[in-house]
Amino acid sequence: MTNLSLLILPGDGIGPEVMAEVRKIIDWYGTKRGVTFDVTEDLVGGCAYDKYGTPLHDDTMAKAQAVDAVLLGAVGGPKYDNLDFSVKPERGLLRLRKEMDLFANLRPAQCFDALADFSSLKKDVVAGLDIMIVRELTSGIYFGEPRGIFKEGNERVGINTQRYTESEIERVARAAFELARKRGNKVCSMEKANVMESGILWREVVTEVHAKDYADVELSHMYADAGAMQLCRWPKQFDVIVTDNLFGDLLSDAAAMLTGSLGMLPSASLGAPMASGRPKALYEPVHGSAPDIAGQGKANPIACVLSFAMALRYSFDMGAEADRVEKAVEKVLADGLRTADLLGEEGVTPVSTGEMGDAIVAALDASL
Ligand code: NAD
């Protein structure tokens, strides 16, 4: 493997369409910047099931473990809805996350000025917003034991268990502090230490990690319910928010929608550092395979393009190039280009997936 190895898994539905636009940017880096990625492409999801009878072949899993970063499009579609649970397209994605032990899920909420009117909040509350939610992804109440539905006397009882070890909290806290150092240098940790012992431990461990190794980063704590309120009231007060699996699930969805369309939202999931010092990493748009628009050239490729920008920043230490890609996206939006999901203003004709990708590449050219 070379230094910049990337496994691309376009997946199903609009996955291959949006990934084709990222390939244009990867090619641009090769021809215009002399940055060559060692790209391998493979199957995941329904298309892998069609070919191999499994949504993620063992060989593909092995490749994912060996590369510097994995970039995934989307999986799923109505054709696969009636498959057995064990071979559903989503199982391929879950296997990747589990076997790569991707414990930190990064969900940025970034509002491009040109799209501030799309938010359900007032323009001045969201314009220029740039926050990052770090959600613990592999532990907590979605995994804790005991769990199940049990008989208790004459009725049933449903049980899930919130459980966090110190080391699980410590590693996600470290991920958040490291990220903050590459951004606005502020972390707000959210839990419910007022009513949950796991929250008390969470607050203690985050505080200890901070004092020991990250005293240069500004740290604050907030109860997660108050945090939800503050996210709607004045989200720009935050830089990095670190929280557990359940609260992160809710808070990251709420924060994401501050910024408008699903077609705009990237994500990253990071694991432990590899021998290279880089974290194991999977980058993917938040949206699914959008079967309702697949094959029509209507998909917005920006979420996938911004996921690639995250890979540049967090896997390849190319923060300035990540800025360049994000600025190119900002420019095409400021120029008025809109895919169909971003329509709202009168008199705007939507551009196709390919036209949006070409415009981003042209904006990259203009940045040189
Ligand atoms: P979805 O995200 O695919 O689509 C929801 C709505 O948003 C649709 O109207 C769609 O057209 C629109 N949309 C999504 N991405 C868009 C884009 N880039 N540009 C323009 N419009 C976009 O969610 P869904 O409809 O609930 O699920 C469809 C399939 O995707 C299901 O099989 C589901 O299981 C799967 N899914 C996969 C992932 C993933 O791969 N990570 C995530 C969510 C859903």
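Glycine residues also receive a Cβ, built from the backbone N, Cα and C atoms like all the rest.
The annotation NAD(+) binding site is assigned in TrEMBL to 77-90, 288-300. Residues or ranges marked as substrate binding site by TrEMBL: R97, R107, R135, D225. Under the heading Mg(2+) binding site, TrEMBL lists D225, D249, D253. The domain 'Isopropylmalate dehydrogenase-like' annotation in TrEMBL covers 5-360. If you look up TrEMBL, you'll see Y142, K192 marked as site 'Important for catalysis'.
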Binding-site residues close to ligand 1 - of G77, D249, A290, only those whose C-beta is under 6 Å away: G77, A290
Average model confidence [pLDDT] within the domain 'Isopropylmalate dehydrogenase-like' (5-360): 95
Winner by Cβ contact number (other Cβ atoms within 10 Å) across the recorded positions F85, Y142: Y142
Of A290, A294 (the binding-site residues), the residue whose Cβ has the fewest other Cβ atoms within 10 Å: A294
Farthest-apart CA atoms of R97, R107, R135, D225, residues recorded for substrate, distance in Å: 28
Neighbour-count leader, CB within 10 A, binding-site residues: G77, P89: P89
Cα within 10 Å of K192 (site 'Important for catalysis') - qualifying binding-site residues among G77, P89, R107, D225, D253, A294: D225
Residue, out of the binding-site residues D81, D225, whose Cβ gathers the largest set of other Cβ atoms within 10 Å: D225
Least buried by Cβ count (within 10 Å) of the recorded positions R97, R135, K192: R97
A290 (NAD(+) binding site) and R135 (substrate binding site), Cα-Cα, nearest whole angstrom: 25
Residue, out of the binding-site residues D249, D253, whose Cβ gathers the largest set of other Cβ atoms within 10 Å: D249
